[in-house]
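Everything below concerns the one structure shown next.
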Amino acid sequence: MKLLSVLALSATATSVLGASIPVDARAEKFLIELAPGETRWVTEEEKWELKRKGQDFFDITDEEVGFTAAVAQPAIAYPTSIRHANAVNAMIATLSKENMQRDLTKLSSFQTAYYKVDFGKQSATWLQEQVQAAINTAGANRYGAKVASFRHNFAQHSIIATIPGRSPEVVVVGAHQDSINQRSPMTGRAPGADDNGSGSVTILEALRGVLRDQTILQGKAANTIEFHWYAGEEAGLLGSQAIFANYKQTGKKVKGMLNQDMTGYIKGMVDKGLKVSFGIITDNVNANLTKFVRMVITKYCSIPTIDTRCGYACSDHASANRNGYPSAMVAESPIDLLDPHLHTDSDNISYLDFDHMIEHAKLIVGFVTELAK
């Protein structure tokens, strides 16, 4: 997630395993894109130095030489009125802060969810098990709902849960699951409670809510629904890039993608005397889809919005956008008031507000239902 001025408040991180990054890993070079058409070969340490300075990027090392720029997006007509209020409100009533607190307590207990190490693989495996349990508990597996790993050339895998609809066109909700200790990426403690354990468990709870609707559960919604948990976001949007590039190559149609990156920290707004609000990202997103998201928030959520800019390649919605798919992102706050503990060993659950996370879950349920049903 984008750092910007939050970096100035970051706590000192601690390395607990005592090992250093191997010399050959430091010497390895990666091709990154910092802005459209602006590329650079860097070492891994140079990647983290850019991140520490608040500079985000796509890691495009695995793309073919001569990669293409962002693909033009097709014009998609989004609903201009609310159509499923009764169904959405019934699902919202089932959302549980206790579920999210339980899930996030476990997810942030892993030493780290860094994408290159075994802990990151373990956290992804545990998370996928929770997704499978949600599908099975709802009985959605009997109607074709499933969860699958999306493998990469590093330890952590991405996760895709699919609820079939009458059309193969997909409505996507995504969140990255990896964490990082920027002082010591390979070995440092990185609980990642807010960045992005909060987003991961928020969309998991929203999945549980969506599966309460029998029309959706039984595969009778107009469109297919997918929930994504991306690996390797902190290293340059690796997991989401791979998934949306695959979708582009295979011709998959995506009606819209909503990204949830950090959903739980409100203290920055409170300390500034601001009303607790969503941060609506306005750059590198689809304007029409974002307008639809605003309508959903107005109808189903109890907090207002503040417009904010996130920058190029700041989170996984940018991967959808770059591959020609309309995307939107809603953050926990304006970008300059994000959780100052992100990317450190202090990104703990104690700083988060689960009522705020429930508001994000309401948004997701409304977004998915109004767009897919």
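These residue numbers are counts, starting from 1, taken along the chain as shown.
Positions of Cβ are set from backbone N, Cα and C atoms, glycine also.
What Swiss-Prot annotates here:
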- 1-18: signal peptide (SIGNAL)
- HIS176, ASP195, ASP261: Zn(2+) 1 binding site (BINDING)
- ASP195, GLU234, HIS343: Zn(2+) 2 binding site (BINDING)
- ASN196: N-linked glycosylation site (CARBOHYD)
- ASN288: N-linked glycosylation site (CARBOHYD)
- CYS310-CYS314: disulfide bond (DISULFID)
- ASN348: N-linked glycosylation site (CARBOHYD)
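According to DSSP, ASP195 (Zn(2+) 1 binding site) is assigned to a helical segment. For the pair ASP261 (Zn(2+) 1 binding site) and ASN196 (N-linked glycosylation site), the C-alpha distance works out to 6 angstrom.
The two recorded residues GLU234 (Zn(2+) 2 binding site) and HIS176 (Zn(2+) 1 binding site) have their Cα atoms spaced 9 Å from each other. In this view, the densest Cβ surroundings among the glycosylation sites ASN196, ASN288, ASN348 belong to ASN196, judged by other Cβ atoms lying within 10 Å. The recorded positions close to ASN196 (N-linked glycosylation site), defined as a CA atom within 10 A of its CA, are HIS176 out of HIS176, ASN288, CYS310, CYS314, ASN348. Geometry remark: CYS310 (disulfide bond) versus ASP195 (Zn(2+) 1 binding site), CA distance 15 Å. With respect to their backbone Cα atoms, ASN288 (N-linked glycosylation site) and HIS176 (Zn(2+) 1 binding site) stand 24 Å from each other. Between the CA atoms of HIS176 (Zn(2+) 1 binding site) and ASN348 (N-linked glycosylation site) there is a gap of 17 Å, rounded to the nearest whole number. DSSP assigns ASN348 (N-linked glycosylation site) to coil in the three-state reduction, outside any helix or strand. Ranking the binding-site residues ASP195, ASP261 by other CB atoms within 10 A of the CB puts ASP261 at the bottom. In the three-state DSSP scheme, ASN288 (N-linked glycosylation site) falls into the helix class.
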